[in-house]
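Single-structure report; data block below.
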Amino acid sequence: MAVVVALAFVFLVMFPVPSPVRALSSNYYDHTCPHLESIVASAVKKAMSNDKTVPAALLRMHFHDCFIRGCDASVLLNSKGKNKAEKDGPPNISLHAFYVIDEAKKALETSCPGVVSCADILALAARDAVFLSGGPKWDVPKGRKDGRISLATETRQLPAPTFNISQLQQNFAQRGLTIEDLVALSGGHTLGFSHCSSFQNRIHKFNATVDVDPTMQPSFAAKLRSVCPAHNKAKNAGSPLDSSNLVFDNAYYKLLLQGKSIFSSDQALLTTPKTKALVSKFASSQEAFEKAFVTSMIKMSSLSGGQEIRLDCRVVR
């Protein structure tokens, strides 16, 4: 969800809305691929040892997959011919670490060929990314299938960093996700980095009367403005999403209450009594945050997806 390109709000009823799957099971592969979880965890660990940004990338990849057509690994598919796939849609241009899923899939095709979906690999990799960054571990329900359709145009469904609270609530509600799910899953911003383009609306020409969003802590805003000047030309300029962006913790919520959030969509969580109360709850208790995050991740990752098992996560045959 983090590091997305700001997009105008659109009504989403024109797109297929995913629904929960009933058949998922935590022991789905116990007999057909018993070493699945260790194989995926090994691929994530190896990648993390070479690149500390991998956990944030995998978690974000899973979010972006599930919010379009459900958790069907459609975000992994390559564009083909005139069809521009999800990964080439504006909000997904900065997605990376697809190779981690490829490596896990390659190992699994050797160990238990044609058995494990790319969608399940991605769900497990996202869980491992959280756990290996110091966060909670949970049993991932499995049995997802891979989809065949991936359209860049449908990335308009993803929640934008400029969304206000009503836009966020509608976006999540269309996927059967509650206000608590919204606030808990926003905590995924504890991992990662944002490019300037996703928050420049808050630090330059905020409105007709002020240049900077007045809800931002002044010295924090000044720091962001120094990194991201009005006519920024540095391609990779930006900011970590919180002060400990390689560790899965509740710092995101603490900073949010201090006026040190990055996105408008983060600040929006303080604009209603219910969402603000949840932010305060998670800021004061890492345990409460982790419990809510796990519940919401399981719920989100159970949204329905495809119909088949792809042998190559990037290609439909």
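Each Cβ is built from the backbone N, Cα and C atoms, and glycine gets one as well.
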Q | Cysteine from Cys228, Cys313 that TrEMBL links to Cys118 by a disulfide bond | A | Cys313
Q.
From the disulfide entries in TrEMBL, identify which of Cys112, Cys196 pairs with Cys228.
A. Cys196
Q. Taking the Cβ of Cys33 (disulfide bond) as centre, how many other Cβ atoms lie within 10 Å?
A. 18
Q. Quick one: which of these disulfide-bonded residues, Cys112, Cys118, Cys313, have their CA within 10 A of His64 (active site, proton acceptor)?
A. none
Q.
On average, what pLDDT score does this prediction assign to the domain 'Plant heme peroxidase family profile' (23-317)?
A. 97
Q. Taking every protein chain shown into account, which of the recorded positions Cys71, Pro159, Cys196, Cys228 has the largest tally of Cβ atoms within 10 Å of its Cβ?
A. Cys71
Q) Relative to the Cβ position of Cys313 (disulfide bond), how many further Cβ atoms are located within 10 Å? A) 22
